[in-house]
Every structure is written in C-alpha cells, then in structure tokens.
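Novice: One structure is given below, represented as structure tokens, and several questions about it will come after.
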Amino acid sequence: IRWRSTSLSPGDGVRITMESALTARDRVGVQDFVLLENHTSEAAFIENLRKRFKENLIYTYIGSVLVSVNPYKDLEIYTKNHMERYRGINFYEVSPHIYAVSDNSYRSMRTERRDQCILISGESGAGKTEASKKILQYYAVTCPASDQVETVKDRLLQSNPVLEAFGNAKTLRNDNSSRFGKYMDIQFDFKGAPVGGHILNYLLEKSRVVHQNHGERNFHIFYQLIEGGEEDLLRRLGLERNPQQYQYLVKGNCPKVSSINDRSDWKVVRKALSVIGFSEDEVEELLNIIASVLHLGNIQYGGEDSGNAYITTDTQIKYLARLLGVDGLVLKEALTHKKIIAKGEELKSPLNLEQASSARDALSKAVYGRTFTWLVNKINVSLAYKNASVIGLLDIYGFEVFQHNSFEQFCINYCNEKLQQLFIELTLKSEQDEYEAEGITWEPVQYFNNKIICDLVEEKFKGIISILDEECLRPGDASDITFLEKLENTVGGHAHLTTHKLTDGKTRKVMGREEFRLLHYAGEVNYNVNGFLDKNNDLLFRNLKEVMCMSDNKILTQCFDRAELKDSRRPETAATQFKTSLAKLMEILMSKEPSYVRCIKPNDAKQAGRFDEVLIRHQVKYLGLMENLRVRRAGFAYRRHYETFLQRYKSLCPETWPSWQGKLADGVSTLVKHLGYKPEEYKLGRSKIFIRFPKTLFATEDALETRKHSLGERESHVSHAVVVQAWWKGILACRRARRRREAANTIRRFIKGFIYRHNERCPENEYFLDYVRYSFLMKLRRNLPKTVLDKSWPTPPTALIEASERLRKLYMQNMVWGYCKRINPEWKHQLEQKMVASEIFKNKKDNYPQSVPKLFVGTRLNGEEINPKVLQSLGSEKMKYAVPVTKYDRKGYKARPRQLLLTSNSAVIVEEAKLKQRIDYAALKGISVSSLSDGVFVLHVPTEDKKQKGDVVLQSDHIIETLTKVAICADKVNSININQGSITFTMGQGREGIIDFTSGSELLVAKAKNGHLSVVSRNNGGI
C-alpha cells in the first residue's frame, strides 16, 4: 500500500482505511503503533517504523499522535487531490497523514467551538518546519476564501520564508535548521476562513551571529543579501559579493551549500516582505541593520602598551555610523570603553582587547536579537485580527544531546521536559475523559512523572535556574566553576543530578570536571558549565545602549527604548526570561485542545531511503514515544464508534447482514458474540466498542478478508438488485443533498443579511430584512396590548421604527374607540369625574392614590338624612351632591358637625334644619387644600360681601370626591390651590387666620398655642 496506490480522487469513492491495511501488516507494518502485539518492545516499534519507511509510508499513529519520518525526498502525497481526500473525513478513515491531523483540529475547532493547537517536535533536521508549512498550506487550500481572506492567507504563508531567512541557519544536522522556537496562532472567523495570525518566538540562538561551529553557517539572511542583493544595494550598504570578507561568516568555513540557492531565496524574501506589508523605508532600514552586523564583525582592535584596546579599522566605523544613524566618534568610544556609575557619578573605564571584542560581539547579538523580535512583532501587526477561533502551531526544538552540551541545550531540554510533562498529563486526561464519557471504568496508569526534574530546574530559591541567577547577580568573583560548586552544595543530593565530584569512579571516566549530569525523562545528558554565566547574563554595556537609543534608524529606536536607561533595576537573566515565557506558553497550550506531531530524522547524512537504527532508537527514546505508547495501551488498543464498526464488519454475522435495523449497540453486541469475542477482550461503551488486544482485531480483519471472496462469488446473482438499490439510494441522496443545499443557502443568506443589516436595502440584506419584518409582525400579533391602560409594545427593528409607531397609534386609537363605544352613561360620568380629580390632585396631594380605585358616589347623604325644611328652603334648586362635613368656627376653631349641599348655583352649609351659609359659585373666589393626606379645605369668599362672615374652614372624610364635585358644579377646576405647609384665610372684619399642616401618626385638628389652627395628618386619607 504505497502512497501512489492511494492517489485516487475523492470522486472515486475508495479510501484506504486503517483496518483495510491490517491484512498487509507483515509487509507494511501497522498504521497505529497501538496495534503492535508486543507494544512494550522498542525493537518491535523500530521494526514497524522500518517497514513503513521502506514502503514510503512516512506517517504512523500512536493513537491520535502522528509520528513522521523525514524521507529526504519529494513524495507525491501533498497534492490538492490528497488535501481534498482528507478534508472533512474522520481521523481514522484514511491513512495517517499530516493533513489528517490538520483537518481533525480544524473540524474540532469548528464543531466544538474550542481553540486547538498542534505541537510539532523533533531533532533538528527531522522535518518540523516542513510539517508546519504543510499544515499552513492545507488550511490555505481547503478553508473558505474571499479577497480579504486571500490576502491574509498570502501573509500567513509568506511569513515563513521571512522567519526562515532571519531565524534559520545551516547546521551539521540540517541545512535549514530553525534556531528559535516558534508558536503561531492561526485565527479563523465564524465562517472557518483564516483571517489572521499571531507569532511568539522563543530563545533565538543569538550566539550564532558571532560564532559558528565548523561546517555550519550564520543565519541565511546574511548570505542571501550578499549573493542576491543588487549591485547598487550592496554599494550603498558597503558590502562585497563575497562572504569570505566578513569575520562573522567565515568561522564555520561553509559559505555555500549545494542544497541552498541564496540568490533565489533572496528574491523570495524580498517579495514576502512586500506581501506582508513592509514599506520600502522599513526594508531599507532593516537591511541597514543586517549590513551593520557584518561591519561590526569586521571591527579589528589593537592593544596599547597599557593593555587598553583601540580600533584599527576606521572604515567600518564610518559605515556603521551611516547605516545605524549614530555619531561615529561616540560609537567608537563606546566600543572601547565602558561606563560605570559610582555614587551617582559617571566614570569611563577603558576595555582591554578581550573585553572590547566581547563588547562588540554583545552589541552584534543584541542588535540582531532585538531586530528579530521587532520583525516578529511587525508580522503580527500585519496579521492582527480580534475575536477569532484559533489553531496554534508549536514548532519548537526537540531534545538535544550533543558531544558538547552548553547553556542552549540546557534551556532546550528544560523546555522539552515541560512539554513532556504537559503531553503526558493531557494524554492521560484525554484517555480518562473518553473512558468516563463512554461509561467504562478507568484503570489508573503508572507512568514516570517528570515533575521532579522540572522542579529541579525551575524551583524557586533552590532550582538550577535560581542558583545560576544568584551566581550571576552576586558581588565578588563569580565564575562558571563557582556556579558548579554551588550546584553541588545546594542540590548535590538530588537523585537526578550528579557532577564529576559527586559521582562514582566509573562515571567519572566519562564526565569532565566542568560538567554536571541531569537524568532527564529521556536519558542522561552532560552539560559543560563553561559560558553558562555569560550566556545567562547576556549583558550589554550601558554606553552601547545609549548609542543605540540615539540612533536615527526607526527600527532601532523601537528596539532600544530610552526607558531602559532610566531603569536602575538589573534586567532579567536569559534563563529567567525563558522560564517566564515558557510558563506563559504552557498556559496557552493548557487552554487549547492539543494534537501532536513527533518528527524523526532517519539518518545524519540526509540521504533518502537510509534507515539508521541507532539514530532512530536515540530519537524514539528522547521523544518519549515508548512512554506515550505505554500510556495509550494501558487500557484498550482499539476503539471505534458503533456505526463505523458495524458498517465494516456486519457481513461476518448473518443477523447483521446485509443491514441491521435495531439499535447500533445491540447490533455490535450481536456481531461480537457471533465472532466469539471473550468478555475480557472488549467493552461496550455508550457509543463506542473498545477492543483490548490487537490480535482480536487482526482475527476479525482476516475473517473479513476471507468473507469478501465468498461475497464476490455471489455478486453476479445480486448485481441487478444492487443496481436498483444504488439507483434508489442515489435518488434519496440527491433529495437529502438538495435539502441540505437549500438549508445552507438559507443560513448563508441570513448570515450575510445580518452582516449588512445596517445598510440600505440591497440584494445582500433583503432576505434578512424581510425575515426581521415578518418576525416582528408575528411577535406583535402575539403580544398586542389587551386593554387601553396596557402601554406595552414590542421593540421594533431599526427598519420598522416609523411603521411600528404608526401601527401603535392606530391600534391604540382603535382600542380607545372600541372602549368608548362600550361604556354606559353612568360609567362615562364616573370617568369624567375621575379625569377631573386626576387633573387637580395627581402628584400633588398625598391621599390621591388611595382614591383612584374607589368609585365616586352620587351623594353621601340620602333624602332621609337631610331635614325636609332644608329641602323646602332650596325650592326648585336641584341638589347634585350632599356630604357630611365638620366646620371649624372662626373663634376658637371649635368643631361643628354640618352638611355640605351642592346645588346647580351654590354650595350650602346646613346645620340640622337651618341653612347656615349659602355661597354662590359665582362669588366663590377659590378653594385651598393642603398637599398632605388630611381632609381639611377652605372655601374662599369675597370680603366685601356683607352676607358672608369670612372664609369657611371645613373637613371632609371624602376630600378628593368632595372637592372634585365642588370643582365640577362650580366650574372651578383651575381655582383649587394645593398648598405646602400652611393656608391663610380671612376670618372677617379684616382679620386673617392660618392653618398649619404637619404629618403624624394620628389625625388631629386643634388650636395651637400660637393661635393657628394646627392640622396633623395621617399617612393615608379618604377619597
């Protein structure tokens, strides 16, 4: 089953599933290491890799983890047809592939609405960068697209050659080795289209700028500039088209590599910078910095008799001054002196030859390292997008073990310890979650927990990084050897660390005196402490920082912030910065659903078809693949959804063939019983079958292969039935497809309309606006106000505000008209009185609210309660209303019971059979009442009227009703005064009286000591 044998278009309807490949397992191995019979054997693991590698099958699974072996040749497995074959297909329905992992992550992000990440790890040369490129290409081809999306896709893809140029280099193991760790978020919008990205970079190997091992090169960009740059550009930069002329490019003695075309790559990088959005000025300033690093490397020093260094190459200083935009003399002095601040005073100390060379190299590393960070940030700006779903790609260095391991390998291996810790935790969690979801008992798995090693490296105060930092920061004579001694004294007793001094005699023979050994999860590594302190400090002299801060180069002014000069705190060490950024990376990865790609290099010679077993065993160990397989195989080797399992093997059981009509779980149960599965060999979950041993699956697959032959003999007899079945199934499928297509179009139109909903009506939004109008009208129909007092009304969409308001007015008018038609004269009269009461007293008198629900009566006194003589005295005047009241005398305010009668022309105050006072409505000047809840009111009469003895002070238990009747009868609606605090009235003979109103718990009306009438009102009153 070679890759080419699977090169079928999606329309062919043929897919090579994992199970179908099992019959050829003796030749091509198993596609999932979980199905290895002897899963604990490293030899069996490597043999399976070898079988597949010989057949050009470079991908194999360990459960959901993809193991990829670099073929060192082009395989026809990355075409557009292959991408389409893996698009939207279940993870195990096709052969293992990087596209399967990519598609599975994409579909999980879309369906589960959870961010994903793909972690790619492996040695240099194992194919990590290529794997990340294939993933990006897959998303670029298979995801939805638009003009805007195409621009973002181009920028995402073009960011790769730029980052490779500035961050990759030729090493002994790999011609295009990433010398930094990279985490990239690919951002997707709600349609699933890639719309942005964000990149985080980790631990750029800055030391490569100034030094390369024999057979290695500096970063690609230097050679690309020299080989591919136009003559005018090189002349402006002061460069020659010969890498041998530059000290920073000759140390590896490998200026040219047969597999790299620097001139062609230069054109790709220049085009990529333009696509990403770099302006011409930015490109010019970026190239000025790259050229200045080469000129810095060519600065030569001489030594004075005193030992102080001086610069012998003034030409380089001139170029540097122009390219960096700094003062040449200031730069020259900064490269030969260092500034010291002692007791607030600045002192300049000359440097010796070694110190000056170190200062020059430190400046080169700082300039290049910070420019690289600026470059990443610039790419991020061009890819920025907010509120998106994310798939993260982590392309980071794998475990490194060299002949000589230094600070860089220590950091890289610490990073891999953290990733291994995360990997095991998430793998176990994923397994446990699946078991719990399926209702299968989880059996705890024994595994090596490398937290003890992580703690040894990162623990506060007594971890290796803390000890290293303390040694870097302490005053006095600190050196790499004193760091080693402190390590021995502090953590010398740790089970996973030893040194030459602490170990036994046998181990001493293979350890240097300047080395310490860590027992990592993947094995032992010896680290040489030489250079640990310098690399961890990574310090740049203050006066060199000052020169860079004064640069006219706009990129450098962003890289070297003047705020650094004001900050008196010592900058964080390289190890602490790395530990902090690593902790943030772990947080990012923990918040996402992970997938894993483990890359393996088959040989060091980069030869196709060569399988170096020793090298591969080394990588299998350091990638922790056997531990991963052991964890995955601790329970069940194989699990599939009932539907998939039954569909594949139903022909093996008469009861399930040709189709099973009942529940899927019952069908699978019937099938496995017929196949003779023993209870310990399988478990049935809620939606999946779990098979414990690979041999059980192999036997089932072999039985299926035999069954296919017997079914083939019957095929000719059932061919006509199959044709009819196929025809009818085709019709049903077409109907389903049409319904799905129509549903998809409806959803698409709705979403597009929602996006353009604020625009004028147009073809893009007309469907949505019509739907919104219809929905509003249907909602309005269900929620119309039921009474004229119900003021509720559904909130209309923007397009219907005017129409809604018109509808509301029409509907309310119609309701009011209908209501008015239905009311009788008595009720109409009642409402008219209530309207008058509302106009007079609403929000003005405290006891008005209590009067609202109570009906006004025609009279409070019937005919028997009014003396006949009084009625006789009234004569033909018709009595409209009568109410008992209390009258307060003008002298002493003594309370007298009275009756108030309202006729057509006047208000009459009656005492038993006597008419005590008649007040014509025409003569009534006004009525005063307090704002509180008492029932006292004053009828004001003219003082010049000799018939009247003064204003009348009355009290009624039905104050609102009484005054409303008076106002209507006398037509004095606007003459009722509601007063705060007190009322002044005329007592006769020119004298005035005052009524004071206050609130209290009980109603009290009495003469006060000041001669006023005092009224204390309750908090509720009559109507």
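Glycine is treated like the rest: Cβ placed from N, Cα and C.
The model shown is predicted, which means the values in this text are computed figures rather than measured ones.
Pulled from TrEMBL, these are the listed features:
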DOMAIN    29-705  domain 'Myosin motor'
BINDING   Gly122, Glu123, Ser124, Gly125, Ala126, Gly127, Lys128, Thr129  ATP binding site
REGION    582-604  region 'Actin-binding'
DOMAIN    845-1019  domain 'TH1'
Novice: Cβ within 8 Å of the ATP site centroid (Gly122, Glu123, Ser124, Gly125, Ala126, Gly127, Lys128, Thr129 excluded): which residues?
Specialist: Asn70, Asn174, Ser177, Gly398, Cys599, Lys601
Novice: Would you kindly list the residues that approach the region 'Actin-binding' (582-604) from elsewhere in its chain, counting only those six or more residues past its ends and only Cβ-Cβ distances under 8 Å?
Specialist: 49, 53, 62, 64-72, 98, 101, 104-105, 108, 112, 114-128, 131, 173, 183, 200, 202, 390, 392, 394, 398, 414-415, 418, 422-423, 426, 610-612, 615-616, 619-620, 623, 625
Novice: What does the DSSP secondary structure composition of the region 'Actin-binding' (582-604) look like, as residue counts for helix, strand and coil?
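Specialist: The counts are 9 helix, 8 strand, 6 coil.
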Novice: With every protein chain in view, how many other Cβ atoms are within 10 Å of the Cβ of Gly127 (ATP binding site)?
Specialist: 25
Novice: Least buried of the binding-site residues Gly122, Gly125, going by other Cβ atoms within 10 Å?
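Specialist: Fewest other Cβ atoms within 10 Å, among the binding-site residues Gly122, Gly125, is found for Gly125.
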Novice: Just name the most isolated of the binding-site residues Glu123, Ser124, Thr129, going by other Cβ atoms within 10 Å of its Cβ.
Specialist: Ser124
Novice: Taking the Cβ of Lys128 (ATP binding site) as the centre, how many other Cβ atoms fall within a 10 Å radius?
Specialist: 27
Novice: Within its own chain, what residues at least 6 apart in sequence put their Cβ under 8 Å from the Cβ of Ala126 (ATP binding site), listed in sequence order?
Specialist: Ser68, Asn70, Gly398, Cys599, Ile600, Lys601, Gln619
Novice: Within the domain 'TH1' (845-1019), what mean pLDDT does the predicted structure show?
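Specialist: Over the domain 'TH1' (845-1019), the predicted model scores a mean pLDDT of 88.
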